[in-house]
């Protein structure tokens, strides 16, 4: 069974791409049927959040202490250098559409906390460090993302976000799954049944993510095809981000005098974003821009997955 799990992890890029392809075909060929998928999105997204949070070691003690220099470099690159880079990148492209702006900032300012661990391992980085740093990354992005959005969007005429709806969305899709995952981990330390349940959750992140991608794309593909101009705007931004972001991680690693494997880890962290974790925030946005933000975020996932195929081959060769 363990070999099956390893196979799923190592082939997850292909699984996600096939899921996206199947979703696009289904949405285009059976447009009436896909309306059934839209109500399911919130359910599978909540499940995905729970399964992903369950894999984050909130309480597990490690024999090997994580490097403090690595953590400082990780925070410096992801929450200081990357926001500056993203702001400059979006400014250069003169983006004025509020929906596109919100989507770009949401997805590019949040570092990945899930599949980046496997990609780091495949790219000969320090997957253990990446795993151990996920609670810190999650905490920083929960605290700082609202601050970044306030700063970067303060001069933009963006629609008013219903704060009550935003809080409700945050509680339902982030806080409750996070709390349940932490409770399960806490009980698993002394309860064998809880421990078995925690181990069972290991099987679901990749498969649930594929299901989330399928339900979102199949139900939204008609909106994407009706707004192709959005893709022409955002795809070049994502490609440039994929090309430059790993070098920010690389330079941060050099500044803090980290060893090669750890620098690769920084490169993967800065290059990989947290699209599906920020996706629930779109439910708190006004209807006139929420579908645009959804398109922007889902498109980033597609571009990024293709980019990861190159990352795991190129990063070990460039950083050696």
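Just so it is clear, glycine is given a Cβ too, placed from its N, Cα and C backbone atoms.
Quick look at what TrEMBL annotates:
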{"type": "TRANSMEM", "residues": "12-30", "note": "transmembrane segment"}
{"type": "TRANSMEM", "residues": "36-58", "note": "transmembrane segment"}
{"type": "TRANSMEM", "residues": "70-93", "note": "transmembrane segment"}
{"type": "TRANSMEM", "residues": "99-122", "note": "transmembrane segment"}
{"type": "TRANSMEM", "residues": "134-153", "note": "transmembrane segment"}
{"type": "TRANSMEM", "residues": "165-188", "note": "transmembrane segment"}
{"type": "TRANSMEM", "residues": "230-251", "note": "transmembrane segment"}
{"type": "TRANSMEM", "residues": "289-312", "note": "transmembrane segment"}
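Listed stretches 12-30, 36-58, 70-93, 165-188 were compared with the transmembrane segment (134-153); the greatest number of C-beta pairs under 8 angstroms is found for 70-93. Outside the transmembrane segment (230-251) by six or more residues, the chain places 77, 81-82, 85-86, 89-90, 93, 95, 97, 100, 103-104, 108, 224, 263, 265-271, 292, 295-296, 299-300, 303-304, 307, 311, 315, 318-319 with a CB less than 8 A from a CB of the stretch. Residues 113-114, 131-132, 134-135, 138, 172-174, 176-178, 180-182, 184-185, 198, 201-202, 204-205, 208-209, 211-212, 214-216, 218-219, 276-277, 279-280, 283 of the same chain sit 6 or more residues outside the transmembrane segment (36-58) yet have a Cβ under 8 Å from a Cβ within it.
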